[in-house]
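A short worksheet on the structure shown next.
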């Protein structure tokens, strides 16, 4: 597999400078894709999806909340994977990618918490409760912020990369806690809207809207992370 990639010339993009050029070519496509996905996503959320029989129209904030929560967890796993590769293989680009992902992951985590609070006030009667899922999601935000703060606090870049990798890998244990918290403990938070074991618990148009919005956020995340990693490469390699 590696020899095939080498023959195709793809392994050169494992180095920061060639990847810098590749990322520059990829950004516009993902940025445009994000816009193209978010427009129908908003249309479905506001005009196509039916009013919920129990929650009314307040549930429509879920079209942002659920994708943001999914992305907050997914980006952390990807960040930790890159950080781990950077630690084990001493790969500069992997460490740079982990650093580039952290702010976007923190953004989506904060967005999930804020939209969750906006939904929780009319639904639960409170902006915040120390629910297992909410608390573990808040811990996820602290992990992202801790990752960024730790990197900024260490002057030696390579040492900062290693320290942040250890933190990121240790924090991975929080991801299954977030996802399975509604099954492991009694919580106010509703169960998973989409589960491989129990299927889909929502109207087809609602599911379509959430998936389209997730694709929009995913494309946005890729675009902005590529922009950020190019800046990091500029700082460290040029």
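Glycine is treated like the rest: Cβ placed from N, Cα and C.
Record features, source TrEMBL:
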DOMAIN    33-189  domain 'Cytochrome c assembly protein'
TRANSMEM  27-49  transmembrane segment
TRANSMEM  69-89  transmembrane segment
TRANSMEM  101-120  transmembrane segment
TRANSMEM  132-154  transmembrane segment
TRANSMEM  166-186  transmembrane segment
TRANSMEM  206-227  transmembrane segment
Determine whether the transmembrane segment (27-49) and the transmembrane segment (166-186) share at least three Cβ pairs under 8 Å, counting only pairs 6 or more apart in sequence.
no
Taking 3+ C-beta pairs under 8 angstroms (sequence gap of 6 or more) as contact, is the transmembrane segment (132-154) in contact with the transmembrane segment (206-227)?
no
Residues of the same chain, at least six outside the transmembrane segment (166-186), with any C-beta under 8 angstroms of its C-beta?
73, 76-77, 79-80, 83-84, 87, 98, 132-133, 136-137, 139-140, 143, 146-147, 150, 192
Please average pLDDT over the domain 'Cytochrome c assembly protein' (33-189) for the predicted structure.
92
